[in-house]
Amino acid sequence: MSMPSSSNQQLSHENDSWKKTMVLPPKDTRPQTEDVTATKGNEFEDYFLKRELLMGIFEAGFERPSPIQEEAIPIALTGRDILARAKNGTGKTAAFVIPTLEKINNKKSKIQALLLVPTRELALQTSQVCKNLGKHLGVQVMVTTGGTTLKDDIMRLSESVHIVVGTPGRILDLASKGVADFSEASTFVMDEADKLLSPEFTPIIDQLISFFPKDRQIMLFSATFPIIVKHFKEKYLVKPYEINLMDELTLRGVTQYYAYVEEKQKVHCLNTLFSKLQINQSIIFCNSTNRVELLAKKITELGYSCFYSHAKMLQSHRNRVFHDFRNGVCRNLVCSDLLTRGIDIQAVNVVINFDFPKNAETYLHRIGRSGRFGHLGLAINLITYEDRFNLYKIERELGTEIQPIPPVIDKRLYVAPSALEDSEGQADNYHFSNSNRGGRFRTQQPNGGGNSRSRIPDPLP
Ligand SMILES: Nc1ncnc2c1ncn2[C@@H]1O[C@H](COP(=O)(O)OP(=O)(O)OP(=O)(O)O)[C@@H](O)[C@H]1O
Ligand SMILES: [Mg+2]
């Protein structure tokens, strides 16, 4: 039956009226690379998602799907197993969260999906993405990790939970005790799947899967898929749809340099970098817990503000550091590989490997903490004599070139045009900005020398 065109127009007008009720964030005007712009031109509306879900997506500031979302969302909605590989910061989280949310029946008070991640901070972040994108859906999301009180989780599970986000140990604990019931959980996602399938986790994953129904859908996501995944794939996945958007491995927006130094010159070198670089926020990686603490102390002594985090800290303290750094309370964060994977802080434009990592996967994930969603970033590696072979090995494995650091680094390589220090006159006018992502910021000054955040209490002992 055909309708008169005027009522057709009226219908589409009425159908679109929900769009006017949305509160959209300011548009992100920073330049983006092809890592996220080379799409097929899909729209989120092409996937026939619930209107409430579309509202959550648009209100998060997403305008259209990224390449990995275009590939994964339609297939995931059909219920097929997926093994997906895409570069850091290109939107893998929403690629599995959107179809997961779409498939939840909020009338049914049962756990229907598990999103498994390797670290507690990543669990908190992923559950937040679920809550944001699903905020109009009436879906109950629960996050559960080690380092918190088991009793609280048990209490929470006595209420309605549709999606569980968490780390393997605690989830297995809850499932084995019969507190978390996954018997009707049809979706099982493993983010950073290669990490979850490393020997430290595999026995847990094997047990966990036994609590799921036979016809569950399993989806694996990561930027890196070493061969260890093959065994799992053959054992558990049914005709998986494989996505690989990594024709090259490193991000186009991230410029990589190395500085050849002696171990004892490292702190001095870092000091020089702090004074020369236009850091909005930085993450500085060390190879051990001990070195994280020592370096954080040195940085504080140099007069710069910094937080630190590592696995041996109390979880409550770890959470506070993560939360406050994300909110821009402090400019620099020193950490171990605890925060190497998945952590998404758009304001980070510089990553420094104070200690060079041992393998290519770790390197890739670390430098991928900058240059999120196709934006610009800078990765600086301090290389000692002992690291030299490792540097060549990682360059070779990743097919990338890490250049020696030039005397002057062009700020246009890692600072958004809107935030470039264009004139001295604006120096007093800057503010250290996280919320507007590209913000106006300038070179940081030690102790009170213009750092607007120096008044903020430093959590370091
Ligand atoms: N369609 C989109 N439009 C705009 N921004 C998006 C879109 N999808 C994701 N983003 C943003 O991109 C950033 C990176 O996304 P995400 O953390 O999912 O990347 P990732 O692929 O999981 O990276 P990693 O491999 O490092 O874990 C997030 O800040 C997210 O909000
Ligand atoms: Mg991720």
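The chain as shown is numbered from 1 upward.
Every residue gets a Cβ built from N, Cα and C, even glycine.
Predicted automatically and left uncurated, TrEMBL annotations should be read as such.
The shown structure was predicted, so the numbers you read here are calculated from the model rather than taken from an experiment.
Annotation source TrEMBL lists compositional bias 'Polar residues' at 1-12 (among others).
Residues annotated as compositional bias 'Polar residues' in TrEMBL: 431-446 (among others).
Within the model, the domain 'DEAD-box RNA helicase Q' (42-70) shows a mean pLDDT value of 97, rounded to a whole number. Among the features that TrEMBL reports, domain 'DEAD-box RNA helicase Q' is placed at 42-70.
The domain 'Helicase ATP-binding' annotation in TrEMBL covers 73-243.
Here TrEMBL flags 1-36 (among others) as region 'Disordered'.
The region 'Disordered' feature in TrEMBL is assigned to 423-461 (among others).
Under the heading motif 'Q motif', TrEMBL lists 42-70. For the motif 'Q motif' (42-70), same-chain residues at least 6 beyond its ends with a Cβ under 8 Å from one of its own Cβ atoms are 18-19, 21-25, 27-28, 35-36, 77, 84, 86, 90-92, 94-95, 98, 101-102, 132-138, 243, 245, 373.
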- request: Work out, from DSSP, the number of helix, strand and coil residues along the motif 'Q motif' (42-70).
  value: 17 helix, 0 strand, 12 coil
